[in-house]
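Here the structure comes first, spelled out in structure tokens, and everything after it is commentary.
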Amino acid sequence: MAVALNGMKISQAYLEGKPVKETKALMAELCRHFYTLGWVSGTGGSITIKVHDDSIPKSHQIILTAPSGVQKERMEPEDMYVLFQDGSVLSDPSPKPYPHKPPKCSDCSPLFMKAYEMRDAGAVYHSHGIESCLVTMINPLSKEFRITHMEMIKGIKGHGYYDELVVPIIENTAYEYELTDSFAKAIEAYPKTSAVLVRNHGVFVWGDSWISAKTQSECYHYLFDAAIKLHQMGLDWSTPDHGPIHGARRGLSLAGESNLSVKARKTDGEIDPFPRCVVLDIEGTTTPISFVSEVLFPYARDNVGRHLSATYDTPDTKNDIKLLRSQVRFLWSCNVKIQSDLEQGIAGAVPVPQDDAGKEEVIAAIVANVDAMIKADRKITALKELQGHIWKTGYENNELEGIVFDDVPEALEKWHALGIKVYIYSSGSRLAQRLIFGKTNYGDLRKYLSGFFDTTVGNKKETPSYVNISESLGVDKPSDILFVTDVYQEATAAKAAGLEVIISIRPGNGPLPENHEFKTIKSFSEI
């Protein structure tokens, strides 16, 4: 017997086969484990996992979901529902005798389907853990949970220690299925999130696989618990140094103001609003162009071969080679093939052989392509990732030191004291950005920075990139963000996205068009 959906047949033998059986057993085991953590007590919470099968595209893999209203710690593999990708039931469990309730598919199923559909998830967990409930109650008006500079942030996909983690909060309803629309809107509005909090209720967390979802769920609960305890201690978990809530602003906040609207008085008694966030370019803004063009780029170019040879078998280098090989020969974007460097006839592009051609041949081809890319000053992710890893070695060996203008450290410290979050947006990789600010001529400045953006959010001269940043930061309106850059096209793109913009005039920067109408500064002290 076989059933079909969209032309795909699923046999009874497959439903009784090893992949499905193992996933059902795994779900029962996870539910017991989550019960011991307090995530699914009182029949609350739920869990769903796609049956991984290499022979079936992920978009067509069947979904297993735990039933609703049952004791999760007592569930058996045969209690799981089997669903098609669209959420329709393919197989349901048999009823159990009294006092068990008749089986019912999870009330969370419509929300699970949204995570599968909108984020290509491999597993979704819904927890009623007390920390995920209480953390939404600290500020009943907040639409977001924010935390930064905590080690466990590194366990959340796409985030590092210095990044600010932002989780949207949606309002609870009487029935979980009624959350579907607001849940989907939160996923759309926060493209970087892998979780959605429900006020006074719990949290939904998803990942590429059951392991990723489990790891991230544990990290989220840890961070929620940490925020609650820091709050009890009078500390602000959303600031880099977790300093006292009132002390972080050093008395500059006005009575009755919220953290979302920091202001300071002018001498005549007027009130000027500060930006909620500052986003800074690096080259020509915080750092001389000459440092990038005369120090970093030559160092990367001159050390490509040495670096690849020394690190050839490491995961980072293997991934760098894979990215560069794709850039040169098989370039894809959003699952659509676009012209690669060879197809476009890019000057200096040469084929990168497969690994079986031998280490030396692969390295020689990579060196040739990288040299051509650097000479053309190309802003592509494949190149930036490799450069970042080369520079990392240079900083670790004390062969490199980041350079910032003299006015930068003081400005960063001032903004930090005012509670203004500062981020970096550069065409260099996030790793390269951290390296520059982690070891500068003024020491480690990363304690003043809340996060880093690179070209994975988009090209710096395109407006959607700044829209993505605004959505990621979760500001009330884009004008809450001040963007500082030395490039007119970047300023124009950011302004079109609604950001406030200032152009930096530094020694060595390029000329600006006449009548450009942007405010300009020669020092951060003017901001």
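Each Cβ is built from the backbone N, Cα and C atoms, and glycine gets one as well.
On a predicted model such as this, the values are computed, not experimentally measured, just so you know.
Annotated features in TrEMBL:
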ACT_SITE  E151  active site, proton donor/acceptor
BINDING   C108  substrate 1 binding site
BINDING   H126, H128, H201  Zn(2+) binding site
BINDING   D281, E283, D486  Mg(2+) binding site
BINDING   S426, S427, K460  substrate 2 binding site
DOMAIN    25-228  domain 'Class II aldolase/adducin N-terminal'
REGION    1-236  region 'Methylthioribulose-1-phosphate dehydratase'
REGION    278-527  region 'Enolase-phosphatase E1'
Need this for a regression test: binding-site residues H126, D281, S427, K460, D486, filtered to those with Cα within 10 Å of C108 (substrate 1 binding site). What's left?
H126
When you rank H126, E151, H201, D281, D486 by Cα distance to S427 (substrate 2 binding site), which of the recorded positions ends up on top as the closest?
D281
For D281 (Mg(2+) binding site): intrachain residues, at least 6 apart, with Cβ closer than 8 Å:
I424, Y425, S426, K460, F483, V484, T485, D486, V487, E490, S504
Are there any residues in the same chain, six or more apart in sequence, whose C-beta is under 8 angstroms from the C-beta of H201 (Zn(2+) binding site), and if so which?
H128, C133, T136, N172
If you draw a 10 Å sphere around the Cβ of H126 (Zn(2+) binding site), how many other Cβ atoms fall inside it, taking every protein chain shown into account?
30
What's the number of neighbouring CB atoms sitting within 10 A of the CB on K460 (substrate 2 binding site)?
21
Rounded to a whole number, how many Å is the Cα of E283 (Mg(2+) binding site) away from the Cα of E151 (active site, proton donor/acceptor)?
29
Between the Cα atoms of H126 (Zn(2+) binding site) and the residue listed as 'active site, proton donor/acceptor', what distance do you get, rounded to the nearest Å?
23
Judged by the number of other CB atoms within 10 angstroms, which among E151, E283, D486 is the least packed of the recorded positions?
E151
If you count Cβ atoms within 10 Å of the Cβ of C108 (substrate 1 binding site), leaving out that atom itself, what do you get?
25
Fewest Cβ neighbours within 10 Å, where candidates are the binding-site residues H128, S426, S427:
H128
Neighbourhood of the Zn(2+) site (H126, H128, H201): other residues with Cβ within 8 Å of the Cβ centroid, in order?
G44, G45, S127, G129, S132, C133, E176, V198, G202, V203, F204
Cβ within 8 Å of the substrate 2 site's Cβ centroid: which residues qualify beyond S426, S427, K460?
D281, I282, E283, K379, Y425, G428, D454, T455, E490
